[in-house]
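A.B. asks: Below are the structure tokens for one structure; questions will follow.
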């Protein structure tokens, strides 16, 4: 099964454009057929226009977030006391996702800022159950992502075992696991066996080299020639998000695609 790659616009083309709409156009001009994007606060209509203009697929959109609050800028899904905010952000993100025909939303967890972790777990589980119902009504999927402490210190969702436990409690087939191999390697290592262990839960993949989060062909801990073959054998037929930091510029770094035997 051939892999297909989406440009994550939190990371790619940022050196050439500040707006998400313009990054979408740049991704399209450079061969990408799909993009992953943050919720485009303040430029929703421009992004919708760019998507229609280019015909790119929006394969993933992140939950809307509160830029003004240090704890909530990485999401509100697990944060006690933010339940009303979460629901409004979820509604806004679903509404936007409908406009760009995106079927998958990353339900960002937020930061653990002290108190009882059990309160965060209770809030997270309850909010994910609410999200499952809302997303199902729109025929969408929600994904949760374990993130390592070096990338986002204090992020609540910080292990695959924790994610598996939460997903078991939520018990909704449209709430799934986002496996970012950069984070997976930092958190657990043993990528092949970890993917086998959590295969039934995974609904999305993202990639970057470890430890510096550059292109997959840059020297690092992961052999992406092997990893990509493993993903093909995995049977995943969705978009693979390119969530890496270009070592130089986005365009200069795209040589990895043909070098590793793939196309955009």
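Positions of Cβ are set from backbone N, Cα and C atoms, glycine also.
Copied straight from TrEMBL:
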ACT_SITE  145  active site, proton donor/acceptor
ACT_SITE  243  active site, proton donor/acceptor
DOMAIN    24-259  domain 'Xylose isomerase-like TIM barrel'
A.B. asks: Which value does the mean pLDDT take for the domain 'Xylose isomerase-like TIM barrel' (24-259) in this predicted structure?
C.D. replies: 97
A.B. asks: What's the CA-CA gap between residue 243 (active site, proton donor/acceptor) and residue 145 (active site, proton donor/acceptor) in angstrom, rounded?
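C.D. replies: Cα to Cα, residue 243 (active site, proton donor/acceptor) and residue 145 (active site, proton donor/acceptor) are separated by 13 Å.
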A.B. asks: Under 8 Å Cβ to Cβ from residue 145 (active site, proton donor/acceptor), same chain, six or more residues apart: give me those in sequence order, or none if nothing qualifies.
C.D. replies: 106, 108, 109, 157, 177, 178, 179, 180, 183, 206
A.B. asks: Can you tell me how many other Cβ atoms are located within 10 Å of the Cβ belonging to residue 243 (active site, proton donor/acceptor)?
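C.D. replies: There are 24 such Cβ atoms around residue 243 (active site, proton donor/acceptor).
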